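The compositional bias 'Polar residues' annotation in TrEMBL covers 264-274. Here TrEMBL flags 251-274 as region 'Disordered'. As annotated by TrEMBL, transmembrane segment applies to 7-26, 32-51, 58-78, 98-118, 125-148, 160-180, 192-214, 226-244.
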């Protein structure tokens, strides 16, 4: 890729992450996180038109499933909790339920890093993906707190005078560095086509669980709404797996080089001296 194209791609990635960060300030994590599957659809469509990668019929079906699942979640998502100070988020984060969840996550990640990585890191992808997914759930909760603090600060109520905001910021930086480190190791060791859907499923599942415990997103919903959201999430998972499993089906492999014909003078093996 040329420098202008690479720079443009980098700018679009940065803008996308900023928009994703801002979304947590206005919508519950249980809604924002599963919608990350839409990036897979846009990637598949752009690859079809720009990189000339043929989108197989099953790939189209996977895109449709992701759209249907995302629409279902959007239509039945819970309302965002009205938060007027980052101290309210701190109060939710220090409740016994979320403290127990956080402690279990830290213990599980410590066991994975210090015991499982040296022994099974190179053979079991669940080790690296598990670290990234577990830490990712804490990252999203902290990102939501920081994004709310920024939103309130821009509206005139400075939240950075509270130590709670800086604690959430430190947690975001620490968790992100851990995720980047072990996700890169996972991508270097295993096939990306396998890592991507597994990581998406585990990361989204743990994030939804953490959001349920911390923000109690489902308290205001009935069983029918919750079941519909779960069906939408499962539909997105199905579409994601289908897209990754069939993404190479439409691409015809390059023909192998022709084997040298026996007796061809251009491919004759050098004669050895008698």
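Cβ from N, Cα, C; glycine included.
Remember, TrEMBL labels are computer predictions, not curated facts.
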Taking residues 6+ outside the transmembrane segment (125-148), which of them lie with a CB under 8 Å of any CB in it?
21-22, 24-25, 29, 33, 83, 86, 89-90, 93, 98, 102, 105, 108-109, 112-113, 116-117, 159, 164-165, 168-169, 171-172, 175-176, 178-179, 182-183, 185-186, 189-190, 194-195, 198-199, 202-203, 205-207, 209-211, 214
At an 8 Å Cβ cut-off, counting only pairs 6 or more apart in sequence, do the transmembrane segment (58-78) and the transmembrane segment (226-244) clear the bar of 3 or more pairs?
yes
Do any residues of this chain, six or more beyond the ends of the transmembrane segment (226-244), have a C-beta under 8 angstroms from a C-beta of it, and if so which?
30, 34, 37, 40-41, 44, 58-59, 61-73, 76-77, 193-194, 196-197, 200-201, 204, 208, 218
Sequence-remote contacts (6 or more beyond its ends) of the transmembrane segment (192-214), Cβ cut-off under 8 Å?
28-30, 33-34, 36-37, 40, 92-93, 95, 97-98, 101, 125-126, 129-130, 132-134, 136-138, 140-141, 183, 186, 233, 237, 240-241, 244-245, 247-248
